[in-house]
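Visitor: Below are the features listed in TrEMBL for this protein:
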DOMAIN    2-250  domain 'SMP-30/Gluconolactonase/LRE-like region'
BINDING   E4, N140, D190  divalent metal cation binding site
BINDING   R87, N89, E107  substrate binding site
ACT_SITE  D190  active site, proton donor/acceptor
Amino acid sequence: MIGEGPLWEDSQQTLMFVDIAGQKIHRWNPSTNQSEAVETEDSVGFVVPRRSGGYVAGVGRSIVAVDWSTQMMTSLVEVDEDKPNNRLNDGKVDPRGRLLAGTMAREERPAEIQRQQGSLFSVTSDLSVTKHLTQLDISNGMDWSLDQKTFFYIDSLSLTVVAFDYDTDSGRLGNRRVVYHLAEGEGLPDGMTLDADGCLWVAIYNGGRVIKIDPETGVCLQSISLPVTKTTSCCFGGPDFCDLYVTSASLGLDQSESCKQPLAGGVFRISGLGVRGCASLSFSG
């Protein structure tokens, strides 16, 4: 329904992703085409591997530990306790192992929410929680620069990708500036990832594409269209991290749109990005 949060787990050579509204965490092995899923019993915004084993996920307003073998979940900490209508959305782990996760109001309809209800938090291994940003609409894509000194972030309804100076020791953010701004009507910036050259790849929700941005110049270097409009997030994976996996959503499409987009809600693999002009797209299921 809402595919999101793709993450390549290199040790297992598997792709993790979530279905937010379908309330499931998925794990897929491209080599064997084997797929497994764990049900979460509430909306799930993200999943990340845990150093001690298993995973950590954002379920409802709780950061939970996930034991894949038993399919058991244990709540570790809750956020936005004063906002029961909120839920966790995107989350990622910084270079020091600190989890950053954002919240938003639960949707009335896809991408239609009560505004300025979200926040961005960090959670450390001792489960201390720090709130970094408030009055967010849809806390979404995030990643760090290659030198780990810059944090890139998206609040989708602002139509911008922003950057902050990032202190890896403390996790503090500072010096906010805009890296890229989408024009009205181009879609919403959603999840994103960083490539080996330090460029950002951003999925454009309601825009049917992923774009490559140079964060130093703010220039869009490449745009790749997909056969679905609600592209949600992306990550690099595969044995050499040369494939770009892109998640998408089907929730919110009317009957006519669903007929025109039979692959909506699927996960796609874009390969050949190392060769200019030679990218190829395949449907991964």
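Every residue, even glycine, has its Cβ placed from backbone N, Cα and C.
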Visitor: Across all the protein chains here, work out how many other Cβ atoms are within 10 Å of the Cβ of E107 (substrate binding site).
Guide: 18
Visitor: Return only the integer: C-alpha distance in Å from E4 (divalent metal cation binding site) to N89 (substrate binding site).
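Guide: With distance taken Cα to Cα, N89 (substrate binding site) is 9 Å from E4 (divalent metal cation binding site).
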Visitor: Neighbourhood of the substrate site (R87, N89, E107): other residues with Cβ within 8 Å of the Cβ centroid, in order?
Guide: I20, S43, G45, N86, L88, T103, M104, A105, R106, I113, I138
Visitor: Far apart in sequence but close in space: which same-chain residues, 6 or more away, have a Cβ under 8 Å from N140 (divalent metal cation binding site)?
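Guide: Looking at Cβ-Cβ distances below 8 Å from N140 (divalent metal cation binding site), excluding near sequence neighbours, one finds N89, D90, G102, I154, D155, S156, P189, D190, G191.
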Visitor: Restricting to the same chain and to sequence separations of six or more, state which residues have a Cβ under 8 Å from that of R87 (substrate binding site).
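Guide: Once residues fewer than 6 apart are set aside, R87 (substrate binding site) is near D42, S43, G45, G60, R61, T103, M104, A105, R106.
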Visitor: List the residues in the vicinity of the divalent metal cation site, defined as same-chain residues other than E4, N140, D190 with C-beta within 8 angstroms of the site's C-beta centre.
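Guide: Filtered neighbour residues, in order: G5, N89, D90, I138, G141, I154, S156, G191, A203, Y205, T232, S233.
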Visitor: Could you tell me which of these binding-site residues, E4, D190, has the greatest number of Cβ atoms within 10 Å of its own Cβ?
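Guide: Going through E4, D190 one by one, the largest Cβ count within 10 Å is at D190.
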Visitor: Mean pLDDT for the domain 'SMP-30/Gluconolactonase/LRE-like region' (2-250), as a whole number?
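Guide: Mean pLDDT for the domain 'SMP-30/Gluconolactonase/LRE-like region' (2-250): 96.
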Visitor: With every protein chain in view, what's the tally of Cβ atoms within 10 Å of the Cβ of N89 (substrate binding site), excluding that atom itself?
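Guide: N89 (substrate binding site) is surrounded by 27 other Cβ atoms within 10 Å.
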